[in-house]
Amino acid sequence: MPPQKIETGHSDTIHDVVMDYYGKRVATASSDCTIKITGVSNSGGSQHLATLTGHRGPVWQVAWAHPKFGSLLASCSYDGQIILWKEGNQNQWTQAHVFTDHKVSVNSIAWAPHELGLSLACGASDGNISVFSARADGGWDTTKIDQAHPVGVTSVSWAPATEPGALVSSGMIDPVYKLASGGCDSTVKVWKFSNGSWKMDCFPALNKHTDWVRDVAWAPNLGLPKSTIASGSEDGKVIIWTIGKEGEQWEGTVLKDFKTPVWRVSWSLTGNLLAVSDGNNNVTVWKESVDGEWEQVTVVEP
């Protein structure tokens with residue numbers, strides 16, 4: 001698909017842009033307190049489909065659920081609300097559920113791999129992470145990581161449901177149930193859910209950054225022999241964290257010092273390309289070479 005400009009119609013800063021599973025629709029979150037859904041096509045055209053209103057503050061992030069759960073979108077905001085939006089008739093969206101467990105800004109949300117069921121992780125400025133999991137009766141169970149990052153959680157990202165090295169995600173008896181998080185304490189942490197509660201799964205915390213961690217992204221690992229997490233920070237650095245087997249230590253390598261805050265890091269579906277957006281309005285794409293060094297493969301022109 002060639003690069004194309006999308007007119008969203010937002011009246012203030014856009015904080016998040018997420019494409020749906022099929023690549024047909026884009027959801028955007030803005031400081032104008034709204035979410036907009038825009039249809040996109042390979043021919044380069046775009047069409048406004050819906051505006052979702054209900055937040056009372058800037059909307060920081062949006063996240064599409066896997067289509068096996070229907071047409072479902074989550075959003076989080078400075079107002080402390082996490083709203084689940086469900087599409088009934090085409091482009092007719094309603095609020096299916098509103099979570100108000102956090103009384104402060106909710107900064108990041110992420111749906112779990114679909115193999116784990118319908119579960120949403122949320123990180124907030126109160127330092128806590130909440131995970132909401134849908135029950136068969138339509139209700140929701142909540143598990144919490146209290147004071148995950150005491151000064152505030154900035155980002156959450158789920159591990160793939162498959163163990164590193166697996167070539168297929170078929171009939172897993174014991175799927176991986178882990179989260180990575182970043183915070184204002186400059187650390188990245190890994191959490192594992194077992195026996196009904198979340199426990200830290202990295203000792204000590206991953207602490208090569210010297211300022212707020214702005215984003216963490218756990219890489220897809222199908223067929224890859226290791227687990228990989230990318231983190232981007234206010235300190236300008238992107239760090240690639242890797243671990244081989246369970247029980248080993250995470251190792252961090254600086255991909256690059258961008259000399260300006262790094263806002264977002266995002267993996268390709270195959271886990272071999274990493275996109276980085278920085279404070280100079282640049283988006284660069286990186287790939288690991290055979291010798292383990294990271295090299296820039298392209299710049300996405302604005």
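Glycine is no exception: its Cβ is also placed from the backbone N, Cα and C atoms.
As recorded in Swiss-Prot:
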REPEAT    9-48  repeat 'WD 1'
REPEAT    54-95  repeat 'WD 2'
REPEAT    101-142  repeat 'WD 3'
REPEAT    148-201  repeat 'WD 4'
REPEAT    208-251  repeat 'WD 5'
REPEAT    257-296  repeat 'WD 6'
Study note, to complete from the structure: Helix, strand and coil residue totals from DSSP for the repeat 'WD 3' (101-142) stand at 3 helix, 21 strand, 18 coil
Review point. Which bits of the chain, at least 6 residues beyond where the repeat 'WD 5' (208-251) starts or stops, bring a Cβ under 8 A of a Cβ in it?
Key: 154-160, 162, 164-169, 178, 180-184, 186-188, 190, 202, 257-271, 274, 276, 278, 288, 294
**Study point:** Contact set, same chain, for the repeat 'WD 1' (9-48): CB under 8 Å, 6 or more residues outside the stretch
**Key:** 1-2, 55-64, 66-67, 73, 75, 77, 85, 91, 93
Review point. For the repeat 'WD 1' (9-48), what does DSSP give as the number of helix, strand and coil residues?
Key: 0 helix, 22 strand, 18 coil
Exercise for review: Tally the residues of the repeat 'WD 4' (148-201) by DSSP class, grouping H, G and I as helix, E and B as strand, and everything else as coil.
Suggested key: 0 helix, 23 strand, 31 coil
Revision key, fill the gap. Confidence over the repeat 'WD 4' (148-201), expressed as mean pLDDT on the 0 to 100 scale, is 89
